[in-house]
Amino acid sequence: MNLHEYQAKQIFAQYGLPVSEGCACQSLEEAIQAVKKLGGGQWVAKCQVHAGGRGKAGGVKLVKSEEEVRSFFEKFLGQRLVTFQTDAKGQPVNAIYMEACANVKKELYLGAVLDRSSQRIVFMVSTEGGVNIEEVAEKTPHLLHKMPIDPLVGAMPYQGRELAFKLGLQGKQIQQFAQIFCQLGKMFVEKDLSLLEINPLVILDNDQLHCLDAKIVVDGNALYRQPELNAMRDPSQEDAREAAAEQWHLNYVALEGNIGCMVNGAGLAMGTMDIVKLHGGQPANFLDVGGGTTKERVAEAFKIILSDQSVKAILVNIFGGIVRCDLIAEGIVAAVNEVGVSVPVVVRLEGNNAPLGREILAQSGLNIIAATSLTDAAVQVVNAAEGK
């Protein structure tokens, strides 16, 4: 689960990390009051969306008067911001963070991620702050320094000092960086994070380190024990179909194709998407209904797929092991009757109670295309999506 920048900075402040004073504003009136409270002659206005690349998209701007604040709010508040990390629709801007301006001498990068291969939290630093860190890793990997954390002892000051040396920090900056590093390590564990990022971590004109940006991603599997963070969830930033699928314990990821896919098992779902693409089709989604599904969940899965207006055909690929094919068939029939499907539906059933499942579909009187194999299913659904 992603947090907004202003929410992440609230967490940073709880751990004593240096962040700028600011206010998340949901109206122009709140923004005018915020800049008066912050004081100074200039501020930074930041659109709050769950996506990077805000600056390049115009969603972060230095404003020097109340009139410029007004202009920024009229342009972005209530609109959708499109960045290189969003789809063509962009993300809704429901709040704009007004922040005190900082005098920056140098920009650095500091981040941490849960590395599943090494089963450790890994910190990363670079002297190339304020830019896309993926580009740094690809083009100049020698400028990206990593530090794995022993889970038994956590982030240690000596590790922070070692990274500080690699960043070229001097004097009191080294001690300050070590403190920031240790607090971030503590935060990562206590808050069940999967990623945190400060890009940029800056050196101010007074030579102090400062967290100019803040990004936090919380492990969704741990939200049950993080009520404070769970309360910060912003459903408006999530795909409505993915949110609906989560309520029914369905694994759904929206894509940009026109062939809806409903499969049981993540591996089979990925294989199904591959074979659809192999035959010239474009999947509209990844959807794994799971091994212990019910006909009600199948019906909801159908509704979620059909809520995507770009879907021109649907492929149902079920290998019955734990899940029975007759239950899937009953769910398909119920969903088609309830929703009223106007697009072709191709179904391939194999395994547990597959003959019974096929019989249920055949006797339903619905216009369902039966496939004899996975290859046949892929060919038929691609042709159906193309209107052949």
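Even glycines carry a Cβ here, placed using N, Cα and C.
The feature ATP binding site is assigned by Swiss-Prot to K46, G53, R54, G55, E99, A102, E107, with sequence analysis given as support. Cβ environment of K46 (ATP binding site): E5, R54, G59, V60, I96, Y97, M98, E99 lie under 8 Å away, each six or more residues apart in the same chain.
Cβ neighbours within 10 Å of D213 (Mg(2+) binding site), excluding its own Cβ and spanning all shown chains: 24. Secondary structure at D213 (Mg(2+) binding site), taken from DSSP and collapsed to helix, strand or coil, is coil. Feature annotation from Swiss-Prot assigns Mg(2+) binding site to N199, D213.
N264 (substrate binding site) falls outside any helix or strand according to DSSP and counts as coil. Feature annotation from Swiss-Prot assigns substrate binding site to N264, G321, I322, V323.
The domain 'ATP-grasp' annotation in Swiss-Prot covers 9-244.
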Fewest Cβ neighbours within 10 Å, where candidates are the binding-site residues N199, N264: N199
Cα proximity to N264 (substrate binding site), best match among binding-site residues G53, G55, A102, E107, N199: G53
For the domain 'ATP-grasp' (9-244), the mean pLDDT of the predicted model: 94
Among N264, G321, I322, V323, the record's substrate binders - longest CA distance, Å: 10
